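The following features are taken from Swiss-Prot:
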- Gly10, Gly12, Lys13, Thr14, Thr15, Arg104: ATP binding site (BINDING)
- 30-53: region 'NMP' (REGION)
- 103-113: region 'LID' (REGION)
Amino acid sequence: MRIAITGTPGVGKTTISKVLRDRLGIKVIDITEAVKKYKLYTEKDEDMDSYVIDFEKLEKFIDEIEEKEKTIILDGHVSHLLNPDYIIVLRCNPEIIKERLEKRGYKPKKVLENIQAEILDVCLCESKGKVYEIDTTNRDVENIVDEIIEAIKHKKERKGVVDWTEKYFDYLTLEIK
């Protein structure tokens, strides 16, 4: 079983995935790290300081791990595009995402692009199949993990519970060159 933990950078995917791994003993694949470490990309986008993923190579890499593991967690903002059986979409207040990404040293253009992606529900809209959406804003990690475990256990589905468009509409009209 493939469980995708997806969402805009800065929502808490890696933190949540690590706690799930520790509590459930499930193998976690950090998509970003795997892409870099095993060169599962076609090129590096210098302007956005990111990699253009070779999805065919990445899928093959995941298939090999999945043959050995009963269940795996795919941690990454593109994990929902990797044929998961179940998708957890983490959401977070755009202002908090902005702070986190700036602390990580993201370029202003990349920060804005990710804030806009969160406001526009990009990861949620791209997620197909069994999807469960969670707002992580100001929530305890253990509480979030408890909710995820319950959702997976009972195959719960929930979409459209978070909407940042009205409150943060102004971010959508900004442009950084």
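Backbone N, Cα and C atoms are what each Cβ position is placed from, and that goes for glycine too.
Sequence-ordered, the extra residues of this chain that approach the ATP site, with Cβ no more than 8 Å from the Cβ center of Gly10, Gly12, Lys13, Thr14, Thr15, Arg104, are Pro9, Val11, Ile16, Arg100.
Taking Cβ pairs closer than 8 Å, the region 'NMP' (30-53) reaches residues 14, 17, 61, 74-79, 82, 106-107, 109-110, 113 in its own chain, all 6 or more past its ends. Looking only at the binding-site residues Gly10, Gly12, the densest Cβ neighbourhood within 10 Å occurs at Gly10. In the shown protein chains, 16 other C-beta atoms lie within 10 A of the C-beta of Thr14 (ATP binding site). Shown are the binding-site residues Lys13, Arg104; the one with the most C-beta atoms within 10 angstroms of its own C-beta is Lys13. Cβ environment of Thr15 (ATP binding site): Val141 lie under 8 Å away, each six or more residues apart in the same chain.
Across the residues the record lists as binding ATP (Gly10, Gly12, Lys13, Thr14, Thr15, Arg104), the two Cα atoms farthest apart are 15 Å from each other. Per-residue pLDDT, averaged over the region 'LID' (103-113), rounds to 94. When DSSP labels each residue, the region 'NMP' (30-53) comes out as 7 helix, 10 strand, 7 coil, counted as helix, strand and coil in that order.
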